[in-house]
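The structure appears right after this line, and notes come after that.
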Amino acid sequence: MAKRSSLSIRIVEGKNLPAKDITGSSDPYCIVKVDNEPIIRTATVWKTLCPFWGEDYQVHLPPTFHTVAFYVMDEDALSRDDVIGKVCLTRDALASHPKGFSGWTHLVEVDPNEEVQGEIHLRLEVVPGVHASRLRCAVLEARDLAPKDRNGASDPFVRVHYNGRTQETSVVKKSCYPRWNETFDFELEKGASEALLVEAWDWDLVSRNDFLGKVAVNVQRLCSAQQEEGWFRLQPDQSKSRQGKGNLGSLQLEVRLRDETVLPSVCYQPLVQLLCQEVKLGTQGPGRLIPVIEETTSAECRQEVATTLLKLFLGQGLAKDFLDLLFQLELGRTSEANTLFRSNSLASKSMESFLKVAGMRYLHGILGPIIDRVFEEKKYVELDPSKVEVKDVGCSGLHRPQTEAEVLEQSAQTLRAHLVALLSAICRSVRTCPAIIRATFRQLFRRVRERFPNAQHQNVPFIAVTSFLCLRFFSPAILSPKLFHLRERHADARTSRTLLLLAKAVQNIGNMDTPVSRAKESWMEPLQPTVRQGVAQLKDFIMKLVDIEEKEELDLQRALNSQAPPVKEGPLFIHRTKGKGPLASSSFKKLYFSLTTEALSFAKTSSSKKSTFIKLASIRAAEKVEEKSFGSSHIMQVIYADDVGRAQTVYLQCKCVNELNQWLSALRKASTNNRGLLRSYHPGIFRGDKWSCCHQKDKTDQGCDKTHSRVTLQEWNDPLDHDLEAQLIYRHLLGVEAALRERYQLLRGATEAGVSPTGCDGAPEDSLAQLLRVLQDLREAHGSSLASPAAREPHHLLELQT
């Protein structure tokens with residue numbers, strides 16, 4: 001049994017932000033922090049007070065996280081970025097919105113007294129005495145304190161207040177992981193109701209000390225327990241009233257927290273086997289669970305259910321059969337060929353998810369070079385005469401501005417060149433298209449041709465394929481390359497217009513250049529010769545694409561499996577330390593890294609024949625490094641065991657917080673099942689004769705901070721998690737259980753009356769009855785897990801805090 005938490009985050013837009021630049025504008029971006037740890041940075045939107053981001057993220061976290069905060073920043077090229085304001089959502093607030101938090105929220109000022117993080121290790125006890133008892137507080141150590149000084153560290157000390165007395169620890173210089181091991185005694189009066197207050201501070205020689213956090217302990221509860229020891233989370237100081245600083249603007253967010261208790265695999269086997277049996281039966285037998293699931297799934301959660309089902313069947317090797325069943329169901333209720341797969345049905349949503357899960361690398365290979373060219377050229381492109389702005393295009397010759405006709409002709413030439421290059425890339429891609437996608441399109445093509453065999457519908461099988469390949473895959477990726485991981489930043493206005501016109505042309509080709517699509521925007525006429533040629537090319541491509549037999553499919557799949565693509569790759573800066581000499585950022589060397597399911601390798605270039613490998617099975621942790629260690633906040637460490645079992649560390653520098661977290665996520669997910677994973681680590685480096693983080697002199701000393709192996713970002717190429725997918729399906733079915741029971745009663749009544757439901761030759765209620773029994777068994781299994789001693793164990797440390 002494992003408890004898992006995930007956050008679905010959509011950062012939509014901001015409005016009415018204050019101007020931070022002398023031009024009266026700002027260059028805003030967002031930083032997302034979980035428990036004050038940066039995990040996401042959005043793109044910067046330049047010169048605006050009402051930025052639109054539209055960025056989506058899925059973050060997997062341990063269930064013990066407390067807050068997620070959104071900081072709106074103003075990017076500055078020459079000085080430190082300005083903080084505009086923040087929105088903070090607690091875990092409890094998110095849990096109170098099961099369907100997710102959505103809407104506009106006012107930004108508030110960032111108060112230093114609320115910017116706290118970390119934990120403090122205390123041992124508290126009541127010591128009996130002859131005349132009076134004493135309250136003893138041992139301040140042992142702290143970890144992950146907020147860095148308050150410019151050097152990326154703090155100089156922490158602790159104040160302990162009780163019963164009118166204040167005592168202090170010594171100051172530990174330049175450490176966010178201090179160890180004090182100091183004990184303080186206070187007289188304990190009978191019936192005392194005052195709390196014991198433990199405050200952490202950053203000592204400053206010149207300016208005021210900075211607040212690092214506090215813990216307030218309920219002494220009455222401590223008297224009952226007599227003694228407690230553990231790590232207490234530092235809390236912000238909210239005793240001072242917040243001073244308003246005018247309107248800081250608003251942020252539109254969509255955030256959903258999902259907590260799941262994932263049971264052992266054996267618990268989900270009956271559910272998975274039942275669903276797989278239904279897919280194998282198809283539309284021939286009495287199994288009708290998939291249609292019932294579709295009917296009871298609301299539009300708002302259809303995409304999520306489709307993705308989960310698709311991943312579940314992909315893991316069982318039945319994705320093609322599942323999609324084929326959905327194709328047949330959709331065709332069975334479609335009478336008009338021109339409406340086929342145009343709705344947001346389960347079939348359409350499942351096919352969308354399938355292409356993203358199985359075909360993203362294929363998409364990148366086709367679109368990547370063309371999208372890069374459009375971004376790099378930054379040409380002004382416009383075909384609509386009503387939108388042409390001659391001033392935007394400069395001059396074609398000396399002292400003579402371009403005419404509108406010249407602008408339109410030049411734009412048409414640019415778009416034709418991009419379209420020809422794109423069609424050429426598509427037509428050459430038959431052999432690089434994943435075999436499972438080709439086989440699925442083959443089934444779709446055949447099913448549609450069987451359903452609409454007349455000559456007047458000869459284009460319908462092609463349009464069925466292009467409705468997914470072009471309209472729901474290529475065109476959206478061209479329109480929004482960042483959402484498909486083709487670019488790190490959104491396009492500017494000029495590039496966006498070029499991409500929009502190119503996407504429209506691809507849609508026209510995907511629609512097989514129908515008169516309706518031509519009539520909508522007559523100004524697209526200059527592209528018509530290329531579009532007509534593209535239709536012929538695309539038809540030829542589709543015929544080759546679907547011309548795949550089962551043996552060829554298996555051979556291609558085996559070849560693909562034997563040449564597993566990298567999980568992640570790209571250039572990074574490396575520093576390998578043997579504990580000799582000083583460590584500095586200048587000692588980093590740029591190399592090309594590649595992470596596969598077998599190893600992390602690095603070489604001078606991506607094409608180098610000689611590489612160095614770190615076996616994936618030998619990785620023990622992948623963690624961030626303190627900013628003060630190298631003067632950069634974008635450095636991670638990979639701790640691994642060498643051939644003789646000794647711990648070694650390699651330090652890698654990334655270019656930004658997003659790249660850092662993407663590499664950390666990839667490494668953590670790839671090594672999640674490794675033996676010997678570390679539970680603690682040193683976020684600093686061993687410089688000279690001690691660790692820079694906690695100042696301990698033993699190089700083999702246990703780490704001073706917890707590892708974060710469960711903090712990961714969801715990516716399109718994540719490995720399938722069969723148990724989690726089964727749990728998500730169970731959770732959805734549990735939510736529609738009442739509708740399933742109602743459907744079961746109707747089917748049972750019809751069978752008893754001797755009326756067989758349309759399309760069912762057997763007893764469809766048997767499948768539903770099995771499903772309802774499986775749901776009941778899983779409900780009982782979850783109930784047993786919640787009733788276990790570990791689940792019921794009280795959180796003493798939380799109860800002690802006031």
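Even glycines carry a Cβ here, placed using N, Cα and C.
Listed in Swiss-Prot for this protein:
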- D21, D27, D74, D76: Ca(2+) 1 binding site (BINDING)
- D21, D74, D76, D82: Ca(2+) 2 binding site (BINDING)
- D76, S79, D82: Ca(2+) 3 binding site (BINDING)
- D149, D155, D202, D204: Ca(2+) 4 binding site (BINDING)
- D149, D202, D204, D210: Ca(2+) 5 binding site (BINDING)
- D204, S207, D210: Ca(2+) 6 binding site (BINDING)
- H682, C693, C694, C704: Zn(2+) binding site (BINDING)
- 1-105: domain 'C2 1' (DOMAIN)
- 116-232: domain 'C2 2' (DOMAIN)
- 317-545: domain 'Ras-GAP' (DOMAIN)
- 565-672: domain 'PH' (DOMAIN)
- 674-710: zinc finger (ZN_FING)
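Structural mapping of features recorded in Swiss-Prot.
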| residue | record | Cβ contacts under 8 Å, 6 or more apart |
| --- | --- | --- |
| D27 | Ca(2+) 1 binding site | K20, D21, T44, V45, W46, K47, D74, E75, D76 |
| D149 | Ca(2+) 4 binding site | D155, K174, D202, D204 |
| S207 | Ca(2+) 6 binding site | none |
| D210 | Ca(2+) 5 binding site | P112, K148, S154, W201, D202, D204 |
| H682 | Zn(2+) binding site | W691, C693, C694, D701, G703, C704, D705 |
Contact set of the zinc finger (674-710) with the rest of its chain, CB cutoff 8 A exclusive, min separation 6+ beyond the ends, reads 4, 37, 60-62, 141, 143-144, 172, 174-179, 577, 579, 582-583, 616-626, 628-630, 637, 639, 641, 647, 651, 668
Cβ density check for S79 (Ca(2+) 3 binding site), other Cβ within 10 Å (all protein chains) comes to 6
Not counting D21, D74, D76, D82, residues with a CB within 8 A of the CB centroid of the Ca(2+) 2 site are K20, S26, D27, M73, E75, S79, D81
Cβ neighbour count (10 Å, all chains) around D202 (Ca(2+) 4 binding site) is 21
Cβ proximity for D82 (Ca(2+) 2 binding site), under 8 A, sequence spacing 6+, ordered by residue number, returns K20, M73, D74, D76
For the domain 'C2 2' (116-232), the DSSP residue counts stand at 7 helix, 60 strand, 50 coil
Reading the DSSP string in three states, the entry for D82 (Ca(2+) 2 binding site) is strand
Not counting D76, S79, D82, residues with a CB within 8 A of the CB centroid of the Ca(2+) 3 site are K20, D74, E75, L78, R80, D81
Excluding H682, C693, C694, C704 themselves, the Zn(2+) site's Cβ centre has within 8 Å the residues R143, Y177, P683, G684, W691, S692, H695, Q696, D701, G703, D705
Those same-chain residues, other than D149, D202, D204, D210, found with Cβ within 8 Å of the centroid of the Ca(2+) 5-site Cβ atoms are K148, S154, D155, W201, W203, S207, N209
